There are 2 protein chains.
Amino acid sequence: MATGRTHRPATRSRGIPEATVARLPLYLRALTALSERSVPTVSSEELAAAAGVNSAKLRKDFSYLGSYGTRGVGYDVEYLVYQISRELGLTQDWPVVIVGIGNLGAALANYGGFASRGFRVAALIDADSEMAGKQVAGIAVQHSDGLEKIIDENGVSIGVITTPPGVAQAVCDRLVAAGVTSILNFAPTVLSVPDGVDVRKVDLSIELQILAFHEQRKAGEEAEAQAGAAAVAQAAQENNGKGPDGDVPAVMPA
Amino acid sequence: MATGRTHRPATRSRGIPEATVARLPLYLRALTALSERSVPTVSSEELAAAAGVNSAKLRKDFSYLGSYGTRGVGYDVEYLVYQISRELGLTQDWPVVIVGIGNLGAALANYGGFASRGFRVAALIDADSEMAGKQVAGIAVQHSDGLEKIIDENGVSIGVITTPPGVAQAVCDRLVAAGVTSILNFAPTVLSVPDGVDVRKVDLSIELQILAFHEQRKAGEEAEAQAGAAAVAQAAQENNGKGPDGDVPAVMPA
DNA sequence: GCGTGTGAAAGTCTTCACAGCG
DNA sequence: CGCTGTGAAGACTTTCACACGC
């Protein structure tokens, strides 16, 4: 995952834990799939499997939303879809601007799941005059000169930054000044924003580096395990016929 | 953050907390920038600011790696770059395959930061025969028939999935069967993998939904704050000249 | 004196396990 | 009887605050 935040210290009641919020979209996706297959109810066990979490966690998560299940039965799929959608604010429409229409910006504009639920690409913005006027994903790219006006006229509060890292902070500042209060940042830059503005980041190279760390550790453990196995084999040989405990590992890898 | 995992319960010594691992790439990026500006040393305060975290967290994180700082001075930039790179496994080269060369796959292939440190795009793979043979980012796209052979010959252990969701699990299964043990999944699907295989996911629509949640809450709080302000104003009016406590809010929004 | 390194405290998240309701 | 909802325990993470070494 990839996250940066800026929050007051966990508000009063209605306070759904951040970790739970981050999983609600997962549940919603699984529930939507069930709904499309006209499945009427689902147990925490089944839904948890579909969402890739364990059932205790799921039940705890849902308990923060209220008591929406029926004991001995499970959860009503349609009802839950509605409740989670409402909780996430997806019953309203969120106009979004994408700034920086390079490869990635274009890919996101074309991404279907974007419009699917609650989100609408209000505008594509680029600093390159060559780019302005071209159509991407059926939407005309506009020059960044008009950024403030576009945001104001469309009531945009969510901005997606897919610019080169060098200009990301400047773009961010303009977005915030123009009234955007949520930013999804794909540029490999740490954005600084005033209080009250949320930033989430998506960063390919960070994700790869985390994978590399674990990958390296696996390789190390493998070697360690082989060394351990070799030691055991050797110990077994030395121990050959000396006692009845030959199947107990004689060496524990430190 | 966007994450799925599959781990044994936190290994013995050398056990760097997952939260720390996820921040190491951030520190590394900040340090690399300092290194390019030939800055010799940096304090935890400065580096933390550059990485967007607080200094106590950074010092605690570094303490898991060892004692690499000098009291009263700070950290040696070059030395830290090396230590973190080594810890993350970036001193070796990781060949990576990208499967699914649509808009997003192509964008990733073109992404510069990819090759920058430790990673190398070993192959681009697509199921579409039209696609196979075309060049993307200077690399010939290969047909997915040869997936197993490509992985084997290149010693690939990290795979990136940018296919449509419908085929993501099948692709994942083939990657794993061919020997891949780390997967970065951009498809909006929950992948199931055997133990020992790491999956991380990047999901645009989940990130947007999390932002929408907070955005909605801001709107609610604003209304609440206005109501509160109105109530206070009204209370102040009612309280007019009745006591010396007029600057203490008379009404606390429930 | 300054800034690191780190126990200890506080906070958050996950898991357990079972009471209780349909 | 099955499955939800939830206190309580446990694990992990962050923050605090200060001893310690340069």
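Residue numbers in this text run from 1 along the chain shown.
The backbone N, Cα and C atoms fix where each Cβ goes, glycine too.
Where the annotation comes from TrEMBL, it is an automatic prediction and has not been curated.
Per TrEMBL, the listed range annotated as region 'Disordered' is A:224-254 (candidates: A:131-161, A:193-223, A:224-254). Helix, strand and coil counts from DSSP across the DNA-binding region (A:26-65) read 30 helix, 2 strand, 8 coil.
Sequence-distant contacts of the DNA-binding region (A:26-65) (same chain, at least 6 residues past either end, Cβ-Cβ under 8 Å): 16-17, 20, 73-78, 80-81, 83-85, 87-88, 90, 117.
Cβ contacts within 10 Å of A:GLY100 (NAD(+) binding site), excluding its own Cβ and spanning all protein chains shown: 26.
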